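All remarks here apply to the structure that follows.
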Ligand code: GDP
Ligand code: IMO
Ligand code: MG
């Protein structure tokens, strides 16, 4: 029998709680696969009081029998990956046989990070990137100048290529400290030693798994509104963060995708610059940030906070073909007297928009008001939620047109409602 691959995808501007949901669901899957992005991602898992922050390693890593794949669409900083791998050296007998890296994945090296930071400094309007070299690494890939991780098999010729990259940047007048050939080779040798044992033909592995009816969960990074094509361009990341990226970043065909699980918070956040119609810059935003612990896992930056933009959620559900929604962090709305949700947009002239606009900077949200509730934190059954919280969920799924099948009421793996 042939199984289909399920998918977890962020529906907003990232940090929706994908890590918690992937970790929670991973117990039912043989494979968890990251398919795009890099260590700009920060996925948090909390279990038995212990907190893990994952950037490149898939969130199935805490289960002994789950195989974790870094797919070909991911851009890998070897330095960041090696540091992250060290956390798991002594867990479940180590990572060998539990972590596999696509030989086709591209590398992020120090000059990508430096370029990212220089681009941000010199930009008229900065994107507010994570500064991790994501944009420059994908730029190299798309312009056919990238470095695939399998090139670490020959560090002599790779070191020469990398040296030439530094030299060509200097020749363009970009002030970047150029290391010696020997320094580059020594660094690449250490990466090769640590990472080559994990390289695999991950597409063939996934096909074989599906042919054997083994279950696969693809783990999205970032969120749909940061998608290079469908997000708030240019204030986006440099990869396809939507469901299509799961196919191009793994080799799984569109017809082989099964459930597409969209992850949204009960409110909204964004890190970095760019339009955010429902942003609350005053007391409400501050309350959401403090209660929700809205500070970046990767950069520590304070996240911008605001009410749920149900228009954007509905749009992202269509782009991804979401079949079920998970609503995270409902507990963060506990104690508000009233809660607002954006269910429409007006343009600058006051006309109500019929279609989702290209430029969210030009719209004003139209809000629907909901009655607040006392407490949902830690609740594990839908029937035990306050009636007003139930009404909030039911009204949202009606508006969005997708059933909210999972509701999260704390960072802990177990504080989750299934319906
Ligand atoms: P990701 O990037 O989508 O994996 O999300 P992050 O890990 O960057 O951010 C989500 C944050 O919310 C993490 O600190 C989680 O531990 C936390 N979190 C997840 N679900 C809940 C929830 O239901 N309630 C609360 N209060 N926190 C949650
Ligand atoms: P997870 O997987 C939230 C944002 C950055 C910036 C823009 C471009 O944890 O949800 P980049 O470094 O990718 O070139 O930055 O994208 N960004 C994220 N925001 N969560 C993330 O990942 C993000 N990864 C990138 O803040 O606005
Ligand atoms: Mg995150």
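Glycine too: its Cβ is placed from the backbone N, Cα and C atoms.
What TrEMBL annotates here:
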type: BINDING; residues: 14-20, 42-44, 303, 329-331, 408-410; note: GTP binding site
type: BINDING; residues: 15, 42; note: Mg(2+) binding site
type: BINDING; residues: 15, 16, 17, 18, 40, 41, 42, 43, 130, 144, 222, 237, 301; note: IMP binding site
type: ACT_SITE; residues: 15; note: active site, proton acceptor
type: ACT_SITE; residues: 43; note: active site, proton donor
type: ACT_SITE; residues: 141; note: active site
type: BINDING; residues: 297, 298, 299, 300, 301, 302, 303; note: substrate binding site
Item to check | Which binding-site residues sit within 10 Å of residue 297 (substrate binding site) - Cα, from 14, 15, 20 | outcome: 15
Checklist entry - Within 8 Å of the Cβ centroid of the substrate site residues 297, 298, 299, 300, 301, 302, 303, which other residues of the same chain have their Cβ? => result 42, 271, 295, 296
Item to check | Euclidean distance between Cα atoms of residue 42 (Mg(2+) binding site) and residue 17 (GTP binding site), Å | outcome: 10
Item to check | residue 20 (GTP binding site) in three-state DSSP notation | outcome: helix
Checklist entry - Looking at the binding-site residues 44, 299, 330, which ones sit with their CA no more than 10 Å from the CA of residue 15 (Mg(2+) binding site)? => result 44
Next on the checklist: Quick check: in three-state DSSP terms, what is residue 141 (active site)?
Outcome noted: helix
Next on the checklist: If you count other CB atoms within 10 A of each CB, which of 297, 302, 330 wins among these binding-site residues?
Outcome noted: 330
Checklist entry - Which recorded positions of 14, 40, 42, 141 contact ligand 2 in the sense of C-beta under 6 Å? => result 14, 40, 42
Checklist entry - Among all the protein chains here, how many other CB atoms are within 10 A of the CB of residue 14 (GTP binding site)? => result 28
